Amino acid sequence: MSNLSHEGAIEGSKKLLDNEKDDQLNKEVETRTEKDDCDPVGRILEGFHRFKTTKFDKYPELYRELAEGQSPKFLVFACSDSRVSPSHVLDFQPGEAFMVRNIANLVPAFNQLRYSGVGATIEYAVVTLEVENILVIGHSRCGGIERLMTLPEDGSTANDFVDDWVKIGLPAKAKVKAEFGHLPLPEQIHKYMSNLSHEGAIEGSKKLLDNEKDDQLNKEVEAKIEKDDCDPVGRILDGFHRFKTTRFDKYPELYRELAKGQSPKFLVFACSDSRVSPSHVLDFQPGEAFMVRNIANLVPAFNQLRYSGVGATIEYAVATLEVENILVIGHSRCGGIKRLMTHPEDGSTANDFVDDWVKIGLPAKAKVKAEFGDLPLCEQIHKCEKEAVNLSLINLQTYPYVQERMAEGAIALRGGYFDFVKGCFQLWEVKSTVTPPISTCCK
């Protein structure tokens, strides 16, 4: 693809700037989400344009600060389900939450052989970033939990990854069966989670209702992020209250439709980094994107023994949900890619999971070293942030469901790169070769 200026790339989307009120923007997003004839490239570039003009350009101090580094207070585990992004449901803003998203928001026990992806995010968030809060979020009508609760007792399976992954939850299933086995299956599935009263939970957060304008709310969030004496429970409940009052209650038809099921057009791989949520950067709305977030947005090659978590999301998204687009997004100043590029050549390691996980990117590192080994290390890291995306796009093609859908012309693979220092986004597509990127950089 040829390079396009930011203005040219989003031609036709300028109407989004006519009215910056939250209500109007959400109504336009509802209409866009409901369209079946989605132009994926246009959707991605429009989403970035909206982020750029309504957030990045409006709050330069916030994004300059984030460019220097992240200090999230939260590590959050949430489901890949397109309807439950914590950036929406709990209103997490850039810099607040290091994020993991996988099938059924599962956290396996410590296991260096099988679960290095989850282990790496926990290790990096707790040891390096020193997060103070870990939050695991379940949700209603979870396809992963439904599969867990209906797994054949004889251990048989009809898929490559999903059943193996959800088996992490077998102790929870056993507990529910023992205590609520007399209930109908839908109620048993629901019992997997505990109930919370929304009204009782949000006491003290009503101040957020005083002004619903986007600018004012964003300013409050900025101030809140800057506070070191964060009340984590209050922050979580305030965030949900804001979502409930400004989105869920205002657009009942949208959420009633989503309650029936999800039909996302995108499967998105993005980094766990707290500064790069696709729900912000590309303005993905509920129902649009099935999401995976891990260290350095890496996609390993097909491997049923070691990478069932990633495999399960690909299998479910492609074979069951039949997504039409897979997008892998890299970003500037990625800690995971920096570790990959500075990993000792002798193979020694000082951690339990991180080095093992980022080794997925070794072919990308080797390519960068071969082609740009004469450049300063910081420039090599920058090159590898993009080359690792290309490697992930190659690895995606080792999954049989992806191969089949590509052969049918039913799915497209794209790479993206978000530079949060300059406020730029690049997008490229897998054809027979990787195409040149579309650049959406500021002037």
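Note that Cβ sites are derived from N, Cα and C of the backbone, with glycine treated the same way.
Where the annotation comes from TrEMBL, it is an automatic prediction and has not been curated.
Annotation source TrEMBL lists region 'Disordered' at 1-34.
The annotation compositional bias 'Basic and acidic residues' is assigned in TrEMBL to 8-34.
Per TrEMBL, the feature Zn(2+) binding site maps to CYS271, ASP273, HIS331, CYS334. Of all the Cβ atoms in the protein chains shown, 27 others lie within 10 Å of the Cβ of CYS271 (Zn(2+) binding site).
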Collapsed DSSP category at CYS334 (Zn(2+) binding site):
coil
Can you check which residues sit near CYS334 (Zn(2+) binding site), meaning Cβ under 8 Å from its Cβ, same chain, 6 or more apart in sequence, and list them in order?
CYS271, ASP273, ALA296, ILE381, GLU385
Pick out which of the binding-site residues ASP273, HIS331 has the most other Cβ atoms within 10 Å of its own Cβ.
ASP273
